[in-house]
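*Asks:* The following block contains the structure, expressed as structure tokens.
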């Protein structure tokens, strides 16, 4: 595993020094920058493999490497980057063992031989020396033998952490697999490893303490580095390592690693320490684990230099035993480093001469000069595998220049530098010239003053004591007892010994290095020699194999010829009779298919098979080569090829099998030797065959003296038989065969001749075609020209046709536009005619009604100031009409009017018709009213006459009076419209029967209403709410009854909430009029209909009723009954209820038979102009008959202005006001009512609570802006409903989160049975059921378990078992009074709290031994007793204070508690106070509710005593009475109370639980939502809570309006919690309840709040007792809110009215209020002067504007606009590109037509590379296939067949019946690629085809002519 995988390795930040190939490790030379790149192991040895599963190197038999010190050429395999060093903690791997090496365990014998190079061992010595010198406790890398690594800087290595060790970190993931890890060898240590550890000890002792770990220092000079060991600070030690157990008091020693290594070396013996190689010590040391505490003191040091350990590790690692387990590795090898006798002299000589160092270094580069150098031979006790050094990568060494010009390697230079530096630090003990060293003096043991050295258990001279605790040291780093001058003689001698040992060790290192280098070079030379030899013989092997193959081929050919000759000779001899019997028999056997014993017997062939000789040759070759079993007989069919013969089941032997040498041959053996020595050669010749030997066949025939072969009779018979068989065979087999052959030959010749003839014919035709080519080309060209001309004229005709169509289309569009303009003008004239007619009618009526005078408001009077009457109208408007001039002109031309023609531009005729139609309308209205009056009078007369006849009276005079009165009242002369102001001058006084006094503006309203009635015109009384529209309507009915003697019937239709108000006010103000309330259920209404449904009823003063009051709902349901009656006046209160012209209510009321209609509304225009038209059409159907025309004239411009899309046309607004004024009267409060108090509106903004924010953000996150915009642009009803649903969800969040889900009561599931009663009414008001729950589970217990000795008799924790004997009761009881008394005498008594609570020892004993109920009773009695004495006990002046216990004493003390700032509560009340006031102690703080609860399981058994005991235990009457007290009936009984007092004198009648605190009661498991949480969760409710407190304190009365009834439910819970008195009125309230609630509110001042819904409680009712109105949420129709607030701000209100609006800031609530205020201004446009309008809520765009913020809406609209613009631009660009392509195409066509050469008779010749008539090449088949893809360039040279893939023999010139699908560029039109007889190209591929058509390619005449060449 790499360093990155293992953890956080320490990496060098600077440049890493290169790795050198001398020893596989890296050496650092200061100031040296090598240009040789470092390479990994695989780079140095690319032929070696890497086994990732074993995580080890797989060693080949031989490798290549540098030889003779010459660096090898850099290899080409750079599969791995250079390795990188990192540190690891050695303690991390103390439990791991060294990795096994199975490849060494199962390797061949020659690969398991130890190959230890002296050069490698010397490098290991030097590396171990460097590591030991820097830090004796830093072990080398355990896996240095696997990968080469780079050495760190000396100062970094010296100051590295002690427990760090270095491993190779590969940057390449392929070279460092993930499953690779660092293994730790097993902990093993032998005594011989530590026997030398105390040989040469200095004055200080070696211990387990480590040298201080210093931070990295900057690089110092060579001199400073070499001498820095004398100035290091050794005052600190690593505290992380434990001290040895057997060395507790040894002084600390400085961390000089060379001393430790010398001590280890000296402890191993003189001979072994001098001549031991340090190569193995570093490896052994890195696999050594730290010693345990159980080891001896000699084992404390583990990181010092130990050659024996190192060699043992190396030996154990390379052995088979080491790879098989740690047990075998512990004693795997024992290495004895001794000096060979013949090398002792050389070593001694080299020890005394320092100059020998350079000569040894030279030997590295010149091995020939180092032959005489002595070698250190290592004696192994056991054979091991190749050492680590043989596996390291080989790099060319970096050399340094010596003084004499020689070049040294980097390792030699460093060794030389270190030798010189060490020698320089020897204080003169070493000769400066490097000569012989002074012999070391005798070692003197230092006698320390404090700690004498104990005897060592090893063979060393002394054993140092363990280090003591840390002491202070002087600034030089040495301890004071050694650095003094008086102790210098003790350590000076050892210092001299150390210097001498350094020199000795340096020489040893040099000797080992030279020997290892020499051995390494020899080994490398041997490996290279074998490698080159293997490569050479591989080449020779191939050459020999090739020569053998050639020789075998020649030999085979020779043998085949020989065999063929032999067979021919045998046939001749046989025919001649010279063949012997033996030979004849052999031949017969061969012919029969038998096999002979010789070589030829292996083959079987027919006699006449021509290829038998080949088989014989193969058999002979196989027999001679020893591979007869490999021969496969190939039978050839007779007269047919071998592949067609089904009997040919054997294939021929491959030629390669015969060419390869036979296995086991000489050549094969020779080549196999190379294969065994060279594993890297993977030859294809796995097995070799021997070369065949020549075939030697001789024939021996017997001849006579004359040379003839003698033939006897037998021989003659044989020959005759042979001849017969031969001829028979020939006749039977060969003759048919020859016949077939002859036939086949004849047929083959025929076919061949035919083929020849066809070829000759084709060649002849080709020549003829070449001659006739000119004529053919002329014809083709003429045909092409004709076709192209035809295409041109077709295209021309098409273009002309398109131009004609385009001109016709433009003409039609122009005519259509002109017709539209004429129609628009016609419609404008028609609309102007209708408006003019309406204006004239309004002017005639208004002059009589005096509406302007009746209003008397600034708003109406100032209209002429704001709107300039002289302003010029726009193009779509007409000049103002002068009614007088128009009427005069109409009278003058009345008889000569032409028909109405709206196409005539002269509008004078239209104005005349408008005036006449207006006059006619007035006349018709008058006639209708007169007819109604006449009919009503006649009916009244008949009814009265019938009544008088019944009474016996004369009706004649009365009839005359009525007719006279009618003539006076309705004189036709008074209704002359030519003088419209004649009737408006009459002033009407207040009727006398009206009991109230009308105000001035109300009296003017009465005059206006009377004029409407007298003119027979309907009207709208649109006074602002609260100005007395109801009383004005009642006064009108009184006026008609008093003046005109019209007593009805009058129909008043009002909302259900105002029906009682109408009835009360009619009875109050006009008692003479009889009001009939018509509401109730079906039966009630049937009874009421008897009063007004009678046939003969006279509506006079004595009529059963005069006014019928009902609601809109009942009118619709009882429509048929209302239509039977002719109503004199129909008054609609709150007329906005019929604002929808499509509703059933509007249509039903429009069909009623009535003389006049009066609409009462405070908001004539609410949402749209359509509602205004609905009201106008209701009062004047003849004028406002078309809603489309009305909307065309007014609605569009006004609503577009409201949407801020344009400016309002002031002329249109003025004309609208002119039309409405005669029919509508509107006054506002501020202008007509001065005594009414002001109305103040205050907006209260609230922030969302935490819960509301969470819900609001969740809803916003689930909304897609794009989806909202799509829904806004669509007119889908489902989308609109979805948007409205979203709006409601957001409004719920703003109002209260509980509207989504109520926080209901949480309680566990109770698995129990509760008490039941038969009837609650029978039980009375009080039902006491304490302890009534029982378990639903009954467990039947056997008798054996319940009887004595059973399971239920086992003592429990509350059992009293054992107390009957007295021992537990007396001896072992601590609650005995004597024991308590004795314990109180002690200092820390257990019962010290008893005196504080006033309990004596006897009382404590009594309480302990009493039962639980007695304890409860005693505590309750004590509590009651002190409660009665509490007032006296707390005062010291009373005697009761002397007996109070200490726990109840009160001492005034200052405290920080806000509840009791100066009093410290008694001790006994601390817990109770915590339970009462701490939130954590309450039940509401419980976060977990049990899922289920149940009482104890009920046990049942057949044992009677057991059941009785269970019943007593669960139903103890005494316990029940004590806890719950007497029943309510028992408490009233004196006798029962006395019995309880006598039985339980300390128990009160109500029980002890009644007096207990609630926090002491058991937890019931039920969680009830806190009302405080209900208030806090909603910001509006929290703000309302504060506001209501202030209003309640100031004596205000409040109306609170809501939009949702569920919110009213939550508000009721809040009011109950705050204990406010309130009323509630919503749509579900009954009519009678509404009347009573309004009455109670007006008469009962103790009622504080009235909860109302905006729709139900805001219409018509009088709630002037309230002076404050609060809107909890808002309606987007501002009229509803205005009506709601006017319930309090109306006539009769004497206080100032304050309106509060609770608005949630930054939410949909705020946007609804803003939109409603915009809609509120619509009245100023319709009936006022402000130029602003409203918008309806039905538009999806407005709903989206509520859901989104302004920024989001603007951004989404901007993105949508940008997308539309981008799409439009893209379409324009596509159109421009298409037109541009078309122009370019036409241009290219014209250029091609101009540049193409004209045809000249017979000189035309169309070759493959020649241009056609228009200079383009025809498309090939490949082009046709790729026409829809990217165009590709076509080569000029193409095949005759018209395609790159056609064959050369394809036919040419054949004309196809179907034209080519590929068309010429002339066939393209508008960028589309069209083909003759083919479908159009797809639109998506037109661009590619278009680009393809532009390529100018040559076309053949055939393709231009539409022929297909194949």
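Using the three backbone atoms N, Cα and C, a Cβ is placed for every residue, glycine included.
Remember, predicted model here, so these are calculated numbers, not experimental data.
OK, Swiss-Prot features for this one:
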type: COMPBIAS; residues: 49-59; note: compositional bias 'Basic and acidic residues'
type: COMPBIAS; residues: 69-84; note: compositional bias 'Pro residues'
type: COMPBIAS; residues: 118-133; note: compositional bias 'Basic and acidic residues'
type: COMPBIAS; residues: 167-199; note: compositional bias 'Basic and acidic residues'
type: COMPBIAS; residues: 222-231; note: compositional bias 'Basic and acidic residues'
type: COMPBIAS; residues: 257-266; note: compositional bias 'Polar residues'
type: COMPBIAS; residues: 311-320; note: compositional bias 'Polar residues'
type: COMPBIAS; residues: 321-334; note: compositional bias 'Low complexity'
type: COMPBIAS; residues: 374-383; note: compositional bias 'Basic and acidic residues'
type: COMPBIAS; residues: 599-611; note: compositional bias 'Acidic residues'
type: COILED; residues: 790-840; note: coiled coil
type: DOMAIN; residues: 1010-1182; note: domain 'Helicase ATP-binding'
type: BINDING; residues: 1023, 1024, 1025, 1026, 1027, 1028, 1029, 1030; note: ATP binding site
type: MOTIF; residues: 1133-1136; note: motif 'DEAQ box'
type: COMPBIAS; residues: 1840-1850; note: compositional bias 'Gly residues'
type: COMPBIAS; residues: 1888-1899; note: compositional bias 'Basic residues'
*Asks:* Which residues of the same chain, at least 6 positions away in sequence, have a Cβ lying under 8 Å from the Cβ of residue 1029 (ATP binding site)?
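*Replies:* Counting only residues 6 or more apart in sequence, the Cβ neighbours of residue 1029 (ATP binding site) under 8 Å are 1021, 1023, 1133, 1160, 1162.
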*Asks:* Note the Cβ centroid of 1023, 1024, 1025, 1026, 1027, 1028, 1029, 1030, the recorded ATP site, then list each other residue of that chain whose Cβ lies within 8 Å of it, in sequence.
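*Replies:* Same chain, not in 1023, 1024, 1025, 1026, 1027, 1028, 1029, 1030, Cβ within 8 Å: 1162, 1686, 1690, 1691.
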*Asks:* Within the motif 'DEAQ box' (1133-1136), what mean pLDDT does the predicted structure show?
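*Replies:* Residues in the motif 'DEAQ box' (1133-1136) carry a mean pLDDT of 82 in this prediction.
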*Asks:* Which secondary structure state does DSSP assign to residue 1029 (ATP binding site), in the simple three-class scheme?
*Replies:* helix
*Asks:* How many of the residues that make up the motif 'DEAQ box' (1133-1136) does DSSP mark as helix, as strand and as coil?
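*Replies:* Reading the DSSP string over the motif 'DEAQ box' (1133-1136) gives 2 helix, 1 strand, 1 coil.
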*Asks:* Kindly assign residue 1023 (ATP binding site) to one of the three DSSP-derived states: helix, strand or coil.
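*Replies:* SS state of residue 1023 (ATP binding site) = coil.
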*Asks:* May I ask which residues of the same chain, at least 6 positions away in sequence, place their Cβ under 8 angstroms from the Cβ of residue 1028 (ATP binding site)?
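*Replies:* Set apart from residue 1028 (ATP binding site) by at least 6 residues yet with Cβ under 8 Å, we have 999, 1002, 1691.
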*Asks:* What is the total of other Cβ atoms whose distance to the Cβ of residue 1027 (ATP binding site) is within 10 Å?
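*Replies:* Counting Cβ neighbours of residue 1027 (ATP binding site) within 10 Å gives 25.
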